[in-house]
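**Student:** Pasting a structure here, questions to come.
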Amino acid sequence: MESLSNKKKQLTVKPLNFWERAYLPAIVSGLGITMKHFFKKPVTIQYPEQKREFSENYRGMHSLKRDENGAERCTACGLCALSCPAEAITMQAAERQKGEENLYREEKYAAVYEINMLRCIFCGLCEEACPKEAIYLDGDIVPSDYLRKDFIYGKDKLVEAPLNQ
Amino acid sequence: MKVTIDGFPIEVEAGTSILNAARLIGGDIVPPAMCYYSKLEGSGGKCRTCLVQVTKGSEKDPRPMPKLVASCRTTVMDGMEVKNITSPEVIEARKGVVEMLLINHPLDCPVCDQAGECHLQDLGYEHGAAKTRYEFDRRTFEKIDIGDKIQLHMTRCILCYRCVFTADQITDHRIHGILNRGDHSEISTYIQKAVDNDFSGNVIDVCPVGALTDKTFRFKNRVWFTKPVEAHRECENPKCCGKVTLWYKGEDVIRVTARKDEYGEAEEFICNTCRFDKKKTSDWVIEGPRKVSHKSVISSNHYDTLKPLPVVKTNPVLMEANKEQFERETRL
């Protein structure tokens, strides 16, 4: 049948000559390419030991921030959970008691704050939604693990370390 | 009497206010109201958010009114022509009013339980500016405890007087009111923990902001994570209608409120027993999910199917194997 586009090309396969059929020269030239790469800088890195520098707007693991006095900024307003397209965030609020003013910034705080890292798509909408500048995705790559339940990160993993430590 | 609001003509009875005439027409041309409450006599005229422009006084006296008027307090005249959203002057004035209301408002919406169903939030979103120009300290008050059911946050109050009218007209005696005057005025009781009337809970529903909130719901959850369901019960109290909205979180009723109409006003008032003590599904006859406007944040993340369809078909062999694996992993 005639081609519609007239772009069809007839390919011809030339028969191999003697040197090509001899097999060894091709092996040697292939090994030569491999050997050449021994003396070049490798393109990959040994990841857990070596780490590449992240770009400035890299979004990694979340961290819950503290203010300049070391009090937790999060007030459990729920806007991060509302904006989360993957519904990865849950929280429970509690009222700040007397004497806890240095621990929590507002009169309400997140008693439980959990992010399911398997659900999270690292879009950064929680960061954008936060009215208290409490959550930032400025951490590392979330490490791998064996069990699904270990990917639900609570406040123990998310909250920034206190200032004087 | 014939009145025209933003070009929409309507026949109303004499003595109707412009706001109520606009509500009869409905739609976008209804002026917002923070202090007026149709079920409370004498309410209105405090907040000035319902300002409108009267371009023609009446058929007999067609001169326009010299200033913007509060539509909740101005009665219609025959042949009156009113401009609300079609008048740039009104929009500008409303923006100013919102700024004025927000001057002393603490803007602690992330903490406030009213956020998501707050009229001041909606008003500020629709009419206000994104930035405040106010640089001074906002007013603060000494915290007072007005009872174990109602939480008072005086800093959030906009002094609309709705709760005062509610206590006067719905309950048999009023024990809270506005003390002091001007910048120092505050809602208060002289004796602490004194509010215990059987209908006192209605002040929570009438409050347009988060100044009076439900103490039993305090910080329990955000409004938009709960699911509103219409329900009713036979209430022993003859003055209580027993028709409510239950706010579910999972299987639990975490809050009971009166049913609110499109203007955020309670359709009928309910007693404190219904509001605070009946928090079991078995206490109520469920009528069905409450219709929530798609513009409201409360409608977000609410799906039609309560139980999502299973991704994998139920396979007993697979389930058994999964269970075994899960147990093994947990042991490890």
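Cβ atoms here come from the backbone N, Cα and C positions, even for glycine.
Those TrEMBL annotations? Automatic predictions, nothing curated.
Per TrEMBL, domain '4Fe-4S ferredoxin-type' is recorded for A:65-94, A:111-140. If you look up TrEMBL, you'll see A:C74, A:C77, A:C80, A:C130 marked as [4Fe-4S] cluster 1 binding site. Residues or ranges marked as [4Fe-4S] cluster 2 binding site in TrEMBL: A:C84, A:C120, A:C123, A:C126.
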**Student:** Could you state the CA-to-CA distance between A:C120 ([4Fe-4S] cluster 2 binding site) and A:C74 ([4Fe-4S] cluster 1 binding site) to the nearest Å?
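**Tutor:** One finds 19 Å between the Cα atoms of these residues.
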**Student:** Given the binding-site residues A:C74, A:C77, A:C130, which one's Cα is the least distant from that of A:C84 ([4Fe-4S] cluster 2 binding site)?
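**Tutor:** With Cα distances computed to A:C84 ([4Fe-4S] cluster 2 binding site), the winner among A:C74, A:C77, A:C130 is A:C130.
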**Student:** Given the recorded [4Fe-4S] cluster 2 site (A:C84, A:C120, A:C123, A:C126), which additional residues of the same chain have their Cβ within 8 Å of the Cβ centre, ordered by sequence?
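**Tutor:** Near the [4Fe-4S] cluster 2 site, beyond A:C84, A:C120, A:C123, A:C126, sit A:C80, A:S83, A:P85, A:A86, A:A88, A:I89, A:I115, A:I121, A:F122, A:G124, A:L125.
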**Student:** Report, in whole Å, the straight Cα-to-Cα distance of A:C80 ([4Fe-4S] cluster 1 binding site) from A:C126 ([4Fe-4S] cluster 2 binding site).
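**Tutor:** So the alpha carbons of A:C126 ([4Fe-4S] cluster 2 binding site) and A:C80 ([4Fe-4S] cluster 1 binding site) sit roughly 4 Å from each other.
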**Student:** Filter the binding-site residues A:C74, A:C77, A:C130: retain a residue only if its CB is under 8 A from a CB of chain B. Output in sequence order; output 'none' if empty.
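**Tutor:** Near chain B, the qualifying binding-site residues are A:C77.
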**Student:** Can you grab the distance from A:C123 ([4Fe-4S] cluster 2 binding site) over to A:C74 ([4Fe-4S] cluster 1 binding site)? Cα atoms, rounded to a whole Å.
**Tutor:** 19
**Student:** Could you list the residues of the same chain, at least six apart in sequence, whose Cβ is under 8 A from the Cβ of A:C77 ([4Fe-4S] cluster 1 binding site)?
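**Tutor:** The answer is A:P131, A:K132.
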**Student:** Considering the binding-site residues A:C74, A:C120, A:C123, A:C126, A:C130, which residue's Cβ sits among the greatest number of other Cβ atoms within 10 Å?
**Tutor:** A:C74
**Student:** Hey, what's the Cβ neighbour count for A:C84 ([4Fe-4S] cluster 2 binding site) at 10 Å?
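**Tutor:** Neighbour count, Cβ to Cβ under the 10 Å cut-off: 21.
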**Student:** Could you pull the average pLDDT for the domain '4Fe-4S ferredoxin-type' (A:111-140)?
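**Tutor:** Mean pLDDT across the domain '4Fe-4S ferredoxin-type' (A:111-140) comes out at 94.
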